[in-house]
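Note sheet for the following structure.
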Amino acid sequence: MLANVIVIGAQWGDEGKGKITDLLSRSADVVVRPQGGVNAGHTIVVNDQTFKLHLIPSGILYPDTECIIGSGTVIDPKVLLQEFDQLEALDVSLDRLYISQTAHVTMPFHRLLDQASEEKRGEHKIGTTGRGIGPTYADKSERMGIRVVDLMNPEILRKKLLWTVEYKNVVLDKLYDLPPLDPETVIAEYTTYADRLRPHVVDSSLKIYDAIHQRKNILFEGAQGTLLDLDHGTYPYVTSSNPIAGGACVGAGIGPTMIDRVIGVAKAYTTRVGEGPFPTELDGELNQHLCDRGAEFGTTTGRRRRCGWFDGVIGRYAVRINGLDCLAITKLDVLDQLAEIKVCVAYELDGKTCDHFPGNAAEFARCQPIYKTLPGWQCSTEECRTLEDLPPQALDYLKFLAELMEVPIAIVSLGASRDQTIIVEDPIHGPKRALLYANGDPLA
């Protein structure tokens, strides 16, 4: 049965999409990264080897899987080539990696402007990674960006960079009091990158379209998370692209009718990096416990993640915005030692109960969580491989999350390794959401 599947983060990113995509890549012929840049990192553990990637799709670790970096991404060639080196040193072939000719390129001035802008914001900072993602997307929107195809033509690259660097130097000087960049140095550096990237550059939309018509299984690997979406997230504390399911279609260059299934990934609790409202955020010992047990430090920046209880309100929002068919719940094992676990089922907003995510940032900042308290299981789940292996309280917790979010759970992750996983239902070829709920079991 043909299946083209989108994997989406259902929270604020860092949900464990890398591991889930890696697992699903076994059934995929092609894995596509449709949007985002080096601000998104995913960690995969295979045979005790840890792979930390930012741009190259997780499927690269499977020898027969093609991987495509789509048009909606922004590419930092320096970081991408570092990933080339990391993988080639481990004898991972890159012959199956393709890069969209229309993806935009992050330049040195983008990184400088990102960092300078964040510093100038002071207490109003967004909490960006400082990797130049926002300024790269801004140039794309202002129609002054440089694309991968421009790197492939030295004359066009020189012409565009001479003008762009001159323009950016004025901004760096007048607005941020920073020294100018030498355009010749930038041109020389990026010309070198072009030589190595050239064999991988393709019309990615056409390649994906051809794969669909060849009846290949395609996995679209989303970056960041739903609540970081530029239009539908906790604006302004968001990323500069659209990491929701609809954004995957745009970034890949295909129509929405070509998608068969959307899988959401969520932690068994909630985290976020950077600034912005976070209703279920914890402090003190509980926050420290989740951070330590979950190793909650960003793959990209190393920043400590903020930790809190599972938020069912934003979970239901993610189901609605993305049209999720099923869920993968990760890091259930992080909760193993807790005597009781809370889940946010609604908010109190200005004295009234609110059961939906308010798009207004000021209102969201005033939301107070309304909790349902469930008993913990206080024993290890790391060796569980079936639902029957789980403690009854852990199984009840998962069922509660599925019922709260009104979407079935297809995968449960209990650690970083591939084998620390329970496959509840085939997330690619199994029944759709409506059928599972007709059967009455959210963990069917």
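For all residues, glycine too, the Cβ spot is worked out from N, Cα and C.
Listed features, source Swiss-Prot:
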ACT_SITE  Asp14  active site, proton acceptor
ACT_SITE  His42  active site, proton donor
BINDING   13-19, 41-43, Arg305, 331-333, 413-415  GTP binding site
BINDING   Asp14, Gly41  Mg(2+) binding site
BINDING   Asp14, Glu15, Gly16, Lys17, Asn39, Ala40, Gly41, His42, Thr129, Arg143, Gln224, Thr239, Arg303  IMP binding site
BINDING   Thr299, Thr300, Thr301, Gly302, Arg303, Arg304, Arg305  substrate binding site
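The structure, with features from Swiss-Prot marked on it.
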{"residue": "Gly13", "record": "GTP binding site", "Cβ neighbours (10 Å)": "28"}
{"residue": "Asp14", "record": "active site, proton acceptor", "Cβ neighbours (10 Å)": "28"}
{"residue": "Lys19", "record": "GTP binding site", "Cβ neighbours (10 Å)": "26"}
{"residue": "His42", "record": "active site, proton donor", "Cβ neighbours (10 Å)": "24"}
{"residue": "Thr43", "record": "GTP binding site", "Cβ neighbours (10 Å)": "17"}
{"residue": "Thr129", "record": "IMP binding site", "Cβ neighbours (10 Å)": "24"}
{"residue": "Gln224", "record": "IMP binding site", "Cβ neighbours (10 Å)": "30"}
{"residue": "Gly302", "record": "substrate binding site", "Cβ neighbours (10 Å)": "8"}
{"residue": "Arg304", "record": "substrate binding site", "Cβ neighbours (10 Å)": "13"}
{"residue": "Leu414", "record": "GTP binding site", "Cβ neighbours (10 Å)": "26"}
From Asp14, Lys19, Gly41: recorded positions whose CA lies within 10 A of Arg305 (substrate binding site): Asp14
For Thr43 (GTP binding site), the three-state class that DSSP assigns: strand
Secondary structure of Arg304 (substrate binding site) (DSSP, helix/strand/coil): strand
Binding-site residues (Gly16, Gly41), the one with most neighbouring Cβ atoms at 10 Å: Gly16
Neighbourhood of Arg303 (IMP binding site), C-beta criterion under 8 angstroms, separation at least six: Val273, Gly274, Phe297
Candidate with sparsest Cβ neighbourhood (10 Å radius) among Asn39, Arg305, Leu332, the listed binding-site residues: Arg305
Shortest C-alpha distance to Gln224 (IMP binding site) - which of the binding-site residues Gly13, Gly16, Arg304, Leu414: Gly13
Residue from Gly41, His42, Gly302 whose C-alpha is spatially nearest that of Gly16 (GTP binding site), among the recorded positions: His42
